[in-house]
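Record features, source TrEMBL:
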type     : residues  : note
COMPBIAS : 1-12      : compositional bias 'Low complexity'
COMPBIAS : 13-28     : compositional bias 'Polar residues'
COMPBIAS : 810-826   : compositional bias 'Polar residues'
DOMAIN   : 142-391   : domain 'ABC transporter'
DOMAIN   : 839-1087  : domain 'ABC transporter'
REGION   : 1-35      : region 'Disordered'
REGION   : 799-829   : region 'Disordered'
TRANSMEM : 500-521   : transmembrane segment
TRANSMEM : 536-557   : transmembrane segment
TRANSMEM : 578-603   : transmembrane segment
TRANSMEM : 609-626   : transmembrane segment
TRANSMEM : 638-658   : transmembrane segment
TRANSMEM : 750-770   : transmembrane segment
TRANSMEM : 1188-1210 : transmembrane segment
TRANSMEM : 1222-1239 : transmembrane segment
TRANSMEM : 1259-1288 : transmembrane segment
TRANSMEM : 1300-1324 : transmembrane segment
TRANSMEM : 1453-1474 : transmembrane segment
Amino acid sequence: MSSEDIGSSSSSLQEYVGQQQHNKIQPSTDDDYNEDDYESRRLHLVRTVSSINHHNFDEKFDTISREISRQVTNKEGEFQLRLDEFNLAKILANFVYFAKKQGIVLRKSGITFQDLCVYGVDESFAIAPTVTDLLKGPVGAVQAILSQMKTPPRKILKNLNGFAKPGESVLVLGRPGAGCTTFLKALSGTDFDLYKGVTGDIRYDGLPQKEMLKLFKNDLVYNPELDVHFPHLTVDQTLTFAIACKTPEMRINGVTRDEFINAKKEILATVFGLRHTYHTKVGNDFVRGVSGGERKRVSIAEALACNGSIYCWDNATRGLDASTALEFAQAIRTSTKLLKTTAFVTIYQAGEGIYETFDRVTVLYDGHQVYYGPANKAKKYFEDMGWECPPRQSTAEFLTAITDPIGRFPRAGWENKVPRTAQDFEHYWLNSPQYQELMQEIKDYNDEIDEDETRSKYYQSIQQEKMKGSRTKSPFTISYLEQLKLCFIRSYQRILGDSAYTITLMFASVAQAFVAGSLYYNTPDDVSGAFSRGGVIFFAVLFMSLMGLAEISASFSSRPILMKQKNYTMYHPSADSLSNFVMSIPISIFINTFFVIILYFLSNLARDAGKFFICYLFVIMLHLTMKSMFQAIAAINKSIAGANAMGGILMLASLMYSSYMIQRPSMHPWFKWISYINPVLYAFEAVIASEFHGRKMQCTSQYLTPSGPGYENLGAGEQVCTFIGSVPGQSWVLGDDYLRIAYTYRFSHVWRNLGILFGFLAFFLAIATLGTEYVKPITGGGDKLLFLKGKVPEHITLPSEKKEEDIESGGNSDTTATSNGTLSQGKSEEKAAIVDDGLKAKGVFVWKDVDYVIPYEGKKRQLLQNVSGYCVPGTLTALMGESGAGKTTLLNVLAQRVDFGVITGDMLVNGRPLDTSFSRRTGYVQQQDIHFSEVTVRESLQFAARLRRSNDVSDAEKLEYVEKIIDVLDMRGYADAVVGRLGNGLNVEQRKKLSIGVELVAKPSLLLFLDEPTSGLDSQSAWAIVKLLRDLANAGQSILCTIHQPSATLFEEFDRLLLLKKGGIVTYFGDIGPRSRTILDYFERNGARHCDDKENPAEYILEAIGAGATASTDFDWGEIWAQSPEKVQTDAKRDELINESAKNATDTSATDSPSEKNLTSKYATPYWYQFRHVTHRTSLIFYRDPDYIAAKVFLMTIAGLFIGFTFFGLKHTKTGAQNGMFCAFLSCVIAAPLINQMLEKAGSRDIYEVREKLSNTYHWSLLILPQIIFEVIYMIIGGTIMFVCLYFPTQVSTVASHSGMFYFSQAIFLQTFAVSFGLMVSYVSPDIESASVIVSFLYTFIVSFSGVVQPVNLMPGFWTFMNKVSPYTYFIQNLVSSFLHDRTIRCNAKELSYFNPPSGQTCKEFASAFISRNGGYLVDEGATSNCGYCNFSNADQYLLTIGAKFSYRWRNIGFFCVYIIFNISVCLVLYYFLRYRKVSFNVTGLVNKFKKSKK
């Protein structure tokens, strides 16, 4: 048989399996069957398939499998995959046939559930938390816990019953909040910890759910609605990983793992049209990648790779075009039938073609089951109940509308007979014969099932599937070692895909090594270099360890993906955690090789190979240990704010108790234990002990007492070396003695410490892996509305009106209806008010021959080709095409929202090129609903209205119009609810309405663009949105809208259609016509098949042009359109509009209103007006985010107490003075983790750049300045608390001039500097992880040159200017001088230096000249021997050694102001050029040119 014949056969089979409603197969008998005739065999095959129904599927299946296998196998009778002859049904049937033939047991499972109830927390709403809640402190926390404990559980799902046999698919219908998601999660055993309880009897072919979840969890697959993937992985890498995790040990024909993975990947990619995206990143809302529809298809393919027997698909067609959605439903139908799996699918906008692919349907109404039965009988059931299905409304729409008081219509004469409430519908259902029939079918099915046989087959199949080395009871297909291997490969791919972070880390490390190495350049070998030698070693072990702080952000960004794939039983999350760590080892070695070599040799550390490699080894070990510690912190915390706070405290503890700043002998007993569990200390001890071991350091003149003029020729004992570890009579100090006395360190501890570090590493890795495995991030159980205090609507609070709603909706409904289920009179009046409000558009927008070309992998890629069209006032234009056809691209190009690539063609308004007023005169509703989560719906709308409407319009008029829009969009019930986050705030529909409202309140006078406004909505909500657009168009608004899955009735609301196919090629632009006849006639006249009256025209035209993943067509519809008379007419109409509108515009330009003339300015309102309202919104964002503020204040409070009690009661000794300096130093260092917290809050940058910048809402500088203001306010509050906690435990001077200056410098100026510094970095960095690295680099830079870790007198000459430039030089001067000014010093016995005066002289007589020059005092001036000398008598003398004076304090305050202003200025300038204007150096282009030249 030829390949063409096989392809023909496969095409016939797929047409039946996928599109029975379109194909009319003529029945014939088997009498004409001829084994040797191909056509006879083909028809017999079709008849075999067509005879399959729910009752005789099992008997017929073997027949079809054998027949297909004969037509697709090769000559050797083996399984063969040929993508040029692709047919899913054929491949699956062949697969099943060979599996049976080769003894491979394929698992199948039906499901029954009886009296299924799910209980959740009874929270239909909550009060939005604010900062004032923090004032309640622990009392408020206890009250919240007690209140939650007293809250009774609430039934989310109420006594659901049903079943599905193997090979059946069930459609789950209901409005958002009906319980569909909860139902799917209950059946799949997903996220049970979110609910209070799940009761009822759920069985999988007899196996109870508890046993199924314990032993066979991998058979239950729940595919969530939202698409979460690693954005920097390609589609190929994502699918390969998923399939590899589920590759069985026993495979057909014994193919290798790689062959199996590649074959299955090709099948999935072909089914869902992903082969062309293999090498494209998956991406997300902020990382450029595949389109939204393609990303959804990746999610579907990933789930299908899991080999489940029970699939639960949650709104799996969200974001897919109608043709691809239909192909998805057909693929699910085919796979369930042939593989005998079971599928439960929720689809919010299901066309008739999709609906007909399902065997059964269930309808949920506020958690009540109101129908469960055959899909082909559901419509009649509700019609018999008394409801009427409007013409051309699909069955799925009709069934969903039944649960909507506004969307349902009783038949004439049944108005007072039909059920009204969810309870009424449930009562009707429970008393219906259909319910009795269902219960009997469940009983009969359970009686047929042999539980032991099911269990036996499952065990047999699982053992065949599991890889060798897997645990018997493990739910995972592959062994843990294989999981580690796959995760390791993926970690490598993620690093390559997101190279920005690694490159930033590499650059920062090398740069810092050069800076620090040159700072300690050529450190002296005598005692003068001992402190510096310790400083460079401390820096070496600490810098790379602090780089690990970025792990916290990275861990939380990947957590949702790990949780999803854990539910898929792909791998243990701990395998991913370990693989990420293992993958970081070579990177750590690579980076630290450069870091250590540069730092080690520049700073003149010991030129000894053994000592070098000890330093190298311990720096790497500590880097890995601290990295794992921060990973563990992220793993055991549920929120990133808590993780950052804990990370900051542990970082501070590691720094303070490393024994570099405060040595163990000086530590207070209550915190001394920290030093024994501090890995930094052990690494520091090992490296410094190795460095000083065997070192003989000469004592320089500055350390000889007495010395100088008159003390040149002293005898032994008359002059002593005052350096720690000196021995009387010796002019040198042994390094080992110095370490033993100063630090209590010994060289013998080096290898012991290596073992301790390995122990720490193992401990932290264990915590990280266990935490990743068992701790879930904070998640919400549903869309619970969060209202402002005192703003809860009455209908929610009244007990009599409280309904039992689903946890997903939180009991809040968007719509209201009168008792007879119709719209109230007020609604019509409000919509009419829009017409009277001057909404009519005042211009014609035309685009002509638009091309768009982008650079792609060194070449050019054309996304749009000669696209022409127009929008006139009062019309609603649809933009359609399959996923990836260029709909969103065209919308972005037309809306002037593209900032790269080459655009050619004409875009005209009233016949003239676009000017600066275009963005002001248009509105753009994005596909992603991006809003500030802390602001209410009303505040969001008021903000947009105030800033985007002209200043000529009064504030009262703007707010009045906002209230009208709230009513028109049915948002009155939640207008005072904060947006929140998904699961804890507005639901999907409410967010979409808010997105539309934000653009409507701006009153666009020209055009409103909308990108997928109905995506993710149920059919009723989608109808409400499109009906609103229709009303707006009728009011005179001009609207261009992309839409994916319109129903027939929804499609006919549009006036005109622009249809694209892949490549951005126009296949139609023109009127849709009454009942879509105009466009249908066009396609039928040009060769497409006839469209049946019951078909959805939108699905029909997409099918006709070959849209979809596997669809194709013999017609070039782009060429047909280009040659059609319709295009000639359209072009003529376009040119006519250009000429007429240009003439009209000229005639009316002189009479334009002032507000119209003001549109030429970039912004609608003056700068200070913008400043006022942006500042107000920013204040609300901070005020309503108590978690962020609490984490900040908690960190500063704990840090203050920690530092204060570490240096509790500073002694009046030299060590006490030095500790005072370190105390001041540490109070500055705590700013580092605080800055890391700020980076997370800078997410407002993304919202501005994605939405507000493009609509010219406000000046770009106002993104930054208000945040600086409120960050400073809360930082000063935290700094005040920290001052109290830190300053007074040290028991230093409380004189106002001292304590006041410390407070002024630390709590006000230091915190303001930290804010300006942190935001400067965050607003110019590519992402948060890179910002964390840059902060660490720059922060270490300014700390290094502050004069603490390296005294300025020991800095190389070319770096001394950096000491003057570093802001921390002046902060530490002010803080330490406030601490120590006028403080007396009395050395203890260990700090005194002893020398003997010449015979006949007293100590005073001998040393008076020396003391007068150098300061200090003698313990006993009259002694004649053993003179005890202390080189400081007061702390001001010590301050001079670090360049500090109390008199510098006001000068330094001036410097603080300069630094803060400089940071803010640099932030604004760099943001403007790098992010706003996106000025860049084309490094990539230079690299590509270099590569080409090399070739």
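Every residue gets a Cβ built from N, Cα and C, even glycine.
Automated prediction, rather than curation, is the source of TrEMBL annotations.
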Any contact, the transmembrane segment (609-626) to the transmembrane segment (750-770), with at least 3 Cβ pairs under 8 A:
yes
Residue list, the transmembrane segment (1300-1324) vs rest of chain: Cβ under 8 Å, 6 or more residues beyond ends.
1227-1228, 1231, 1234-1235, 1238-1239, 1242, 1245, 1263-1264, 1267-1268, 1271-1272, 1275-1276, 1278-1280, 1282-1283, 1286-1287, 1331, 1334-1335, 1338-1339, 1367, 1371, 1374-1375, 1378-1379, 1449, 1452-1453, 1456-1457, 1459-1460, 1463-1464, 1466-1467, 1470-1471, 1474-1475
Cβ-Cβ under 8 Å with the transmembrane segment (536-557): same-chain residues at least 6 beyond its ends:
501, 505, 508-509, 512, 516-517, 520, 523, 588, 591-592, 595-596, 599-600, 603, 605, 615, 618-619, 622-623, 625-627, 629-631, 633-635, 640, 643-644, 647, 651, 654-655, 658, 660, 680, 683-684, 687-688, 691, 777, 1232-1233, 1236, 1239-1240, 1328-1329, 1332-1333, 1336, 1340, 1344, 1349-1350
Residues of the same chain, at least six outside the transmembrane segment (1259-1288), with any C-beta under 8 angstroms of its C-beta?
1163, 1167, 1170-1171, 1174-1175, 1177-1179, 1181-1182, 1189, 1192-1193, 1195-1197, 1199-1201, 1203-1204, 1223, 1227, 1230, 1234, 1238, 1241-1242, 1244-1245, 1248, 1253, 1294, 1299, 1302-1303, 1306-1308, 1310-1312, 1314-1316, 1318-1319, 1323, 1464, 1467-1468, 1471-1472, 1476
Going along the chain, which residues at least six beyond the ends of the transmembrane segment (1453-1474) come within the CB cut-off of under 8 Å?
1260-1261, 1263-1265, 1268, 1304-1305, 1309, 1312-1313, 1316-1317, 1319-1320, 1323-1324, 1367, 1370-1371, 1374, 1480
Residues from the same chain, set at least six apart from the ends of the transmembrane segment (638-658), whose C-beta lies under 8 A from its own:
538, 541-542, 545-546, 549, 552-553, 555-556, 626, 629-630, 667, 671, 674-675, 678-681, 684, 775-778, 1187-1188, 1190-1192, 1194-1195, 1198-1199, 1202-1203, 1206, 1226, 1229-1230, 1232-1234, 1236-1237, 1240
